[in-house]
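Worksheet: the structure to be examined is printed underneath.
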Amino acid sequence: MSFDGFTDATEAQVTRAISDSWMEEFRERTDTEVIVVGGGPSGLVAAKELAERGVDVTIVEKNNYLGGGFWLGGFLMNKVTVRDPAQRVLDELGVPYEESDEAEGLYVADGPHACSALIKAACDAGAKIQNMTEFTDVVLREDDRVGGIVMNWTPVHALPRELTCVDPIAVESDLVLDATGHDAVVLSKLSERGVLDVNGIEHAKEHNTGMDKTADGEYGAPGHDSPGHDSMWVSESEDSIVDATGVVHPGVVASGMAVATAHHLPRMGPTFGAMLLSGRQAAQSCLDELGRDAPDVSISGPAPADD
């Protein structure tokens, strides 16, 4: 088998191809229907469901990678669990899984397979991604309705103040989905601005020094404990999070662990069914808020067809 070589392209042509394509897409995304802040499992599911129904949706993710904690289960083990009926999302994604001997309706899948399949599904549906981009503030309108977000490149945050002063930019949207996990950064900013009382954050202020932080006052990595939500209780947590997913402030919907912080609900640890189904519930909430004439999102999904 012979190889005839690649086609010719200069370095400048490669650079222009990248920058022109990125800028064209970015300009289109400065005013969109839904901005999903956080590209973890709940945010990806919500973006996928919305994009499949023709909603213009952009995911803003502060890391270089998507997926949040969905790549791994607990304790650096790369197996993830879901409980019935969330395995139907894995069926839809084509991700294999096995039922555990530990409990009926408890399923185990490979984290990298499940996470990469979900990322692909969101991209294939038409969701656009702005990664390495950090949420820094909200755009407010009349009556404190949120009308978009303020954002900056993630590396800017890591630079010492003496070395840089880089203003952020703002993008507008009809809705913002806080899918940022334990820290609930969109809700935290609204609380900081004094326009929203967030149960979990108020509890943290009363009983702790504040939201979970590491050195130098920075937020901890995804998966760290947070006084914004309650302690671990798998069965109570997952049901409660899906039930409480929805609008939390005019222009803002919350999903996933951000819901636990919003309502001071228990955490569920390394099981992901609530993240997946909360994403679906959040997508339906967004459709309702937008008034879109689109097929409803089935929260638990149709039962798999019989063989």
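Heads up, the Cβ atoms here are built off N, Cα and C, so glycines get one too.
What Swiss-Prot records for S42, E61, K62, G69, D167, M257 is NAD(+) binding site. A 10 Å cutoff on Cβ-Cβ distances gives M257 (NAD(+) binding site) a total of 33 other Cβ atoms nearby, all chains included. In the three-state DSSP assignment, the secondary structure recorded for M257 (NAD(+) binding site) is helix.
Among the features that Swiss-Prot reports, Fe cation binding site is placed at D167, H182, with the record citing sequence analysis. In the three-state DSSP assignment, the secondary structure recorded for H182 (Fe cation binding site) is helix.
In the three-state DSSP scheme, R267 (glycine binding site) falls into the strand class. Counting Cβ atoms from all protein chains shown, R267 (glycine binding site) has 21 others lying within 10 Å of its own Cβ. Under the heading glycine binding site, Swiss-Prot lists R267, citing sequence analysis as support.
The DSSP secondary structure for C165 (2,3-didehydroalanine (Cys)) is coil. For C165, the entry in Swiss-Prot reads 2,3-didehydroalanine (Cys), with the evidence type similarity to another entry.
Straight-line distance linking the Cα atoms of K62 (NAD(+) binding site) and H182 (Fe cation binding site), rounded to a whole number, equals 15 Å. Around D167 (NAD(+) binding site), a 10 Å sphere centred on its CB holds 7 further CB atoms from the protein chains shown.
Our reading of the NAD(+) binding annotation (S42, E61, K62, G69, D167, M257) yields a largest Cα to Cα distance of 30 angstrom. Within the set of binding-site residues (K62, H182), the lowest number of other Cβ atoms found within 10 Å of a Cβ is recorded at K62.
There are 21 other Cβ atoms within 10 Å of the Cβ belonging to G69 (NAD(+) binding site). S42 (NAD(+) binding site) sits 12 Å from H182 (Fe cation binding site), taking the CA atoms of both as reference points. Between E61 (NAD(+) binding site) and H182 (Fe cation binding site), the C-alpha separation comes to 15 Å.
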